[in-house]
Ligand SMILES: Cc1ncc(COP(=O)(O)OP(=O)(O)O)c(N)n1
Ligand SMILES: Cc1nc(C(=O)O)sc1CCOP(=O)(O)O
Ligand SMILES: [Mg+2]
């Protein structure tokens with residue numbers, strides 16, 4: 001059995017390595033993924049200050065206490081350690097590891113050197129702030145990357161049951177739907193919230209995005225990827241304020257002035273329509289394909305994903321792609337099809353082909 005000083009040193013040595021590795025993991029993403037010099041600089045400063053604090057400890061005792069071969073923890077693994085598919089998950093895991101390790105350094109450090117423990121405590125608080133920022137950046141990175149490649153966007157309602165709702169998202173994401181929007185004007189707030197919570201988790205699992213129509217509060221509380229607002233709802237700037245950083249805000253536009261405003265307001269994407277008469281929603285007038293052509297000309301200068309919407313179906317899709325639009329948002333063309341998955345697959349194939 002080791003004596004207590006040796007135990008403390010062994011724990012400090014392991015935790016110091018873990019904290020430094022975690023900080024480095026985060027720093028690499030800030031540097032090479034986000035290319036954010038502030039964030040990378042903050043991680044580097046944390047790493048250097050950790051090294052400076054550790055130099056207060058006796059390095060010989062640290063190294064002497066190390067016995068990796070005899071460490072029973074090296075063979076203990078959880079399924080979660082190997083289930084990271086997204087960079088955002090890697091960053092979250094690294095941030096948690098750093099914070100836990102700093103806490104361990106602080107607690108066991110108190111048994112060796114109180115001044116060292118104090119330095120680690122202040123480092124831990126700085127790490128919380130830095131990690132909050134970088135975790136939000138990593139989540140935003142996943143969402144904007146996914147949005148940038150999205151071409152097929154589907155509006156869905158709450159469905160007849162939760163299991164049907166889940167199955168719809170799973171099967172249609174496999175069939176090529178990139179973005180799901182929960183749009184159900186009849187559902188209660190509670191029902192929207194419950195479906196949004198489940199839908200957001202399933203969509204993430206399927207590498208799809210999940211957006212809530214109209215309601216920034218429900219999008220945030222359900223941990224959805226974002227909200228879609230129209231001209232009668234919260235302005236995009238306010239929706240963003242409700243959602244905080246890292247989530248998407250989409251805006252409906254019906255004329256070019258609204259497109260300019262949405263872009264100025266920082267919309268992540270726009271819906272452009274109505275293109276054709278729709279069986280889902282009735283309109284007094286239709287912006288038509290002329291509007292799509294105009295938007296296409298404009299958004300070449302200010303790139304922002306733009307989804308054509310309103311009555312789009314397999315019969316009129318070519319008119320949409322002829323305007324330079326290779327992204328569409330639909331309801332009836334998929335939901336009312338005899339075989340929704342087949343309909344989604346067919347639309348997806350044609351959109352991919354048209355985008356070349
Ligand atoms: C992708 C997308 N584009 C446009 C709309 C329409 O939004 P809005 O004008 O707010 O109308 P409602 O959907 O709330 O009836 C949309 N939902 N999605
Ligand atoms: C909800 C909605 N908003 C539109 C707009 O132009 O702003 S068109 C539309 C209906 C979309 O469903 P479908 O594909 O069945 O027409
Ligand atoms: Mg709306």
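All positions are counted from 1 along the displayed chain.
Cβ atoms are placed via backbone N, Cα and C, with glycine included.
Binding of 4-amino-2-methyl-5-(diphosphooxymethyl)pyrimidine is attributed by TrEMBL to 181, 182, 183, 184, 185, 213, 281, and within the candidate set 122, 252, 354 the record adds 252 to that site. Each residue in the domain 'ThiD2' (10-130) gets a DSSP state, and the totals come to 100 helix, 0 strand, 21 coil. The two recorded residues residue 252 (4-amino-2-methyl-5-(diphosphooxymethyl)pyrimidine binding site) and residue 233 (Mg(2+) binding site) have their Cα atoms spaced 10 Å from each other. Only 214, 233 of the binding-site residues listed as 183, 214, 233 bring a Cβ under 6 Å of any atom of ligand 3; the order follows the sequence. Annotation for residue 182 (4-amino-2-methyl-5-(diphosphooxymethyl)pyrimidine binding site): spatial neighbours 156, 157, 158, 192, 195, 196, 199, 210, 211, 212, 213, 224, criterion Cβ-Cβ under 8 Å with sequence separation of six or more.
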